């Protein structure tokens, strides 16, 4: 990898003002593809979910998926967009082997939704309005796997494998207007926007929007202009930035890189760039010397989409509570700070915690597990929280077992470990691993007596009023019971036996 | 069984239903005819002997079980090689699809099978339906049964030649700019381009999606109507297919009349480039309709003069996109895949080797017309002309019930004559193209032989969209009057092969 010259973030922002454009592709969660009846389930045998239409066979024709249109309208409405009364699909013509027809059925100058905005909340509670240019419907391409090259890219590959299962899966592309005025907070705005959009998509129930599975993909377009000027600089387009953290890092890196180039008198080349998760850098992709000519024209195989106003209003009337409104409500209910709520949002834990609370857990306990132990595990495994093999109901059951004294913290962690390892639900894990707190007063009493006898000097100190020393005896008892005792009860028993008081 | 092959589809179906003929007999007679003459004519690219006989046997078994047979059950048909047929090659007249066996049937193919029509095989055509002579087929030209040195029209020259040489009583064509009607005209047969959206395009290999329309070809107006009824109707797999009842074409064909009808004659459809004998036969047809009680109305449709230019922007534009899929990745020809070349190089080599000159010419024209900076001037302007043509038709149909014209300005020209002159070739579609641009319906039927060369002349009848039945009502009346006048169907005058 080439070393890229960077200037410090602070220096970059002293001189330049960043302008961003974010393009997000969302794979809809429809059962069938956008223009044919093939299944959209992920992970099937390559090319098993294909038909003449999504393979672009001669003679095949597309038919629009009505749920796809409905989802696009819902997204448009939730983004405060105008919904077109009449719009068409267009063909975007370019050759690539993973695109069966060598044109993508998309929308061009007649998107289904346009001119909207999304308010996003930053970590300090400030609300930033991101203006939406358009949201349009299109189809996904197939997937190329390049074999034999070092990087998995086509350069140096011996051959490529093509899987068309993804070809034709509905996509909604959401494009912002240029985001100006965010200053040094531009990367944070980018991340908060994508996070908010993801929540919105999930709340609308149109996609699971799992970024790590490519169900939501983000391109970060960025340019700098000298502070105080109006004219936009030349932009770079960083493609497929596929996590919230990466969106922020990519924006930050590009600000530093652009500033370095511009400060040394260089010019930014309009190009696409690849983002590298390992070190947060970007490298040059394809240079766009002249705008690629996609020869768009209205798709003659499809009739125009003309959603009736009645239908649009019906959909508007049943839009769910918007995520930001809902989060503010939850934040108050849970009694937590803006910052904590933002962390929960970034971790993708809002729904999980809500569901855990709905399953009977205390909100503090639910937050503790999802944002602590489980977030750590998800991070280690490189998956999203929601992808962990544990349900909110199971987490709620663990918190209930802690609340009634059946488990202590340590045992609860082991229980969760067991659930994640596929050993069954919490009660089964507790049973199988024998994790129940030792609450048999007789057995506990014996262990306490033995600990006192083995640590006479410490026991004397406690008798003499040094209550703080009890910790050592508690530790000894916990060790003897392999952690399965209720530490608070052990402490009580020790103090009782030694006639000491807190 | 010389007489059997001269029967009309309606007659064959009636005889099979009455037990006077078996479907197998009929099929065998036509297969024998193909065997005897098609080496000379070259109407078929693929003959499905086994499939045809199996279908025929199924019809005979149905009959034996006493099941009710459809109106075309057991009637043989020649299918243009542009419709997909599961398990049977479909080449579209192109090398690029040589050897491709489609995994699915076109909706039209399914409808034919469901109606117990016997598909004999797939017919020759100009590559991707681009042409007016069938000379652009990658598999050699087809001869006109009236004179084998002449073209049978195009792109559906295989279908028209199969009818005119009695290799099949029914055929299917597709019409993007005249590819059903012009071949019908120059072979003395009947061809109908239904209203756009009347017949499903699902499984019909696309040339120009907004213009392409499949339709029936036959030797009589009634046969065309019977076939029309079988293949037409809404198809949920084709978004542009019309969700409305099929116009009552068979009823119209059985009740031919022009009495009291207003028949329009467009002044733009004559003049320079029209053969004298064609104009003569056309004028006689108009006089005949007047005799039969029609009122003749002169029409002015100025936008029709722009139709050819608009067509040669829209059709190539759509074709440049539709034909992009032929990239050697998933099906068809693959050239240069020797392990040293990139996918891009293999695609380029395959398209270079697989497409003929006319196809390449149109892909290039279309690519250029859609390019940014040129789009408005070319594709955009052509769409405006299209709107004007549609309006001219709308205005015309306020004054008349149908419009008539020569189908094509000349009779069949010699094979090779226009092969190197695309502009001359394009003129063959002068009178047929406006209908494709507007999306309404039209028919060509024989109106005599041109005195100077003794070759068939076609009369075109044009009706408003979804009024396809008017074509048959007028066509049946004209056909009956001419047959009475000539004393026999025109095709009886064709030389024996």
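Backbone N, Cα and C define each Cβ position, glycine as well.
Note that TrEMBL annotation is computational and uncurated.
Record features (TrEMBL):
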- B:80: active site, charge relay system (ACT_SITE)
- B:155: active site, charge relay system (ACT_SITE)
- B:179: active site, acyl-ester intermediate (ACT_SITE)
- B:25-471: domain 'Amidase' (DOMAIN)
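Confidence annotation: the domain 'Amidase' (B:25-471) carries a mean pLDDT of 97 in the model. Between the CA atoms of residue B:80 (active site, charge relay system) and residue B:179 (active site, acyl-ester intermediate) there is a gap of 11 Å, rounded to the nearest whole number.
Other Cβ atoms within 10 Å of the Cβ of residue B:155 (active site, charge relay system), summed over all protein chains shown, number 34. Rounded to a whole value, the Cα-Cα separation of the residue listed as 'active site, acyl-ester intermediate' and residue B:155 (active site, charge relay system) is 5 Å. By a simple count of nearby Cβ atoms, those within 10 Å, the most crowded of the active-site residues B:80, B:179 is B:179. Under DSSP, residue B:80 (active site, charge relay system) is assigned to a strand (E or B) in the three-state scheme. In the three-state DSSP reading, residue B:179 (active site, acyl-ester intermediate) counts as coil.
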